[in-house]
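Reviewing the structure listed below.
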Amino acid sequence: MEKQLNKTSLKVNFIFNTFLQILSTIAPLITAPYVSRVLGPDNIGIYSYTLSINSYFVLIAGLGTASYGIIEIAKARDSTYDRSKTFWGIELITVITSVVSLILWFFIVLFYDEYRFIFFIQTFYILAIIFDISWFFLGIEKLKHTVIINSFFKIMGVIFIFLFVKTPNDLSIYILILALSTFLGNTSMWIFLPKYIVKSKVTQKDLLAHCRGTLIYFVPTIAATIYTVVDKTLIGIITKDNIENGCYEQATKIISIIRTISFTSMNTLFSSRMSYLFSKNMKKEIQFNLSFALEFIMTLSFGAFFGLCAVSKCFVPVFFGEGYSRVVIFLILMSLLIPIMGISNTIGYLYYNPSGNRAKSAKILIFGTLINCILNVCLIKLFSGIGAIIASVIAEFIITYLYIKQSDGYISFNQMFKIISKKLISGILMLMTIIVISKYLVYSILSLIIEICLGVIIYYLGLIVLKDTFALGVTKKMFVSIQSKIKKIRLC
C-alpha cells in the first residue's frame, strides 16, 4: 500500500529547524560557563583531545551515509517503495561500516592505557551512528520528529550535567552524559519510522550501488572531519599541553555555535530542497535559492565575525571564568573563519552536493585538507594553538576560492563582492564603535549585553544607510507585516 507524503512547507521546516538550532545553541551556552569553571581548562583539554580521536572512528562508521542519504531519500520521497528500498540499503551499509569501526576502536581502547575509561565511554558515539536516521527525515522534509526527540534529550542532558557534574573528578560523568544523550536521541527516532516506510528486500546490487555512492560522499567527509579535529589531535600530541587544548576547545565551541546559527542550519535545511530542484532541472529556482542563501548567510556571518572580534575581551572572562585568557586571541583569529566557511559551506551544500558535482567538491576538499594538515604540523610546533588557527584560515580560504572558481557560473567573484562589500563596511564600522565604547566599560555581564546590543544596532543601521539589498528587503517585509497586524487590530 502506497504511503503518501504530505509536503511540508519550507517555512514550517525552517521554524522547526530554527527551534532545534536555537536549543542546540542555548544548551552549550547554558552549560559551558558552569562546566568550564567546575572541570577547568586541563579537563576540557582532555575531553577535546580524546573526542578528536574518537571522531575518526565515528567518521568510519558514518561513511558519508548522512549526506548521501539526504539526497537519495529526497529523490525517492514520492514513492513508498523507492524510499523504503533506498532507506534499508543505506542503513545496512551504515551497520556494516559501524561494526568495522567498532572493531578498530576497541583496539584503541584495549591498547591505549592513558584515558582508557574515557575512550570506553565514547564508544556510545560510534554506536549512535548505527541508529542515526535523521538523514531520512531530512530527506523527506519531516523535521518535526527529529526536533522533538533531539530537543528532549538535549534538555535532559543539560539537567543531568548540573545535577551530576560537581567537581573536576567528574569528567567521566560529563562525557557519559553527552555520549548517552546522543545515543538515546538517535535510537528514539526509530519510533516514527514505520509511518513512512515498509519492509523491502535489499539486493547485493543495491548495496554495491549505495556503497559507491557513499564513498563519493565519504571522501569529502573525511576531509571535513580531519579538517575540524586534526588540529586538536596535533595540539595534544605536539604540545602535550591540555590547557592549550582546553582553551582551543572553548574557542572552537563558540565558533561552532556561531557557525550553526549563521549558516550550517540554513544550508542543511535547504540541501534537500535544492536536490529536488536539481533533479527537476529548475534553474531559475536554483539561482534564486542560492543567491538568497548567500545574502542571508553573509549578513549573519559578517555581523558575527566583526561582533566577536569586538566583544571577545569582555566575553571570555565573563563567560568562561578564570584560566581561559588564551581564548581571547583564539576567538579573534578564529572569527575570520565564520564568513569564509559560510561561503564554502553554502556553495558546497547548495550547489556541489545536489548538482551531482560531489566528486569535484571532494578533490577541492582533499586539497584543502592536505594543506591544512601540512601547515598544522609546521605551525603548531612554532605557535601552538595560534598556528593551528592560521593553518585553518589559509586552507579554508583556498577551498572557498576554488569552490567559487569551479562553480560553473552559478556563483562568481563579482557576485560575491557585491554580496559582501556593504556588509564588510558596516561590520568594520560596528567593530570600531564597540572598541571605543568598551574603553569606558568594566568587564561584566551588563557591559557584554550593552556591547552586543549596540553592535547589532550599528551593524543593521549601517546596512540600511548603505542600502544593502537584503537588509532593505527584510526591513520592508517587517514593516508590511507590522502594518498588516495593526490593520487587523483596528478592524477588531
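Placed from the backbone N, Cα and C atoms, the Cβ positions cover glycine too.
Residues annotated as transmembrane segment in TrEMBL: 12-34, 46-71, 92-112, 118-140, 147-165, 171-193, 214-230, 250-271, 364-382, 388-404, 424-442, 448-466 (among others).
Contact between the transmembrane segment (388-404) and the transmembrane segment (364-382) is present: at least three CB pairs lie under 8 Å, with pairs separated by 6 or more positions in sequence. At the 8 Å Cβ cutoff, the transmembrane segment (364-382) and the transmembrane segment (92-112) share fewer than 3 close pairs (sequence separation 6 or more) and do not count as touching. Contacts between the transmembrane segment (171-193) and the transmembrane segment (448-466): absent, as fewer than 3 C-beta pairs lie under 8 angstroms at sequence separation of six or more.
Tertiary proximity for the transmembrane segment (147-165) is limited to same-chain residues at least six positions away from its ends with a CB under 8 Å from its CB atoms, namely 16-17, 19-20, 23-24, 27, 30-31, 34-35, 38-39, 173-174, 177-178, 181-182, 184-185, 188-189.
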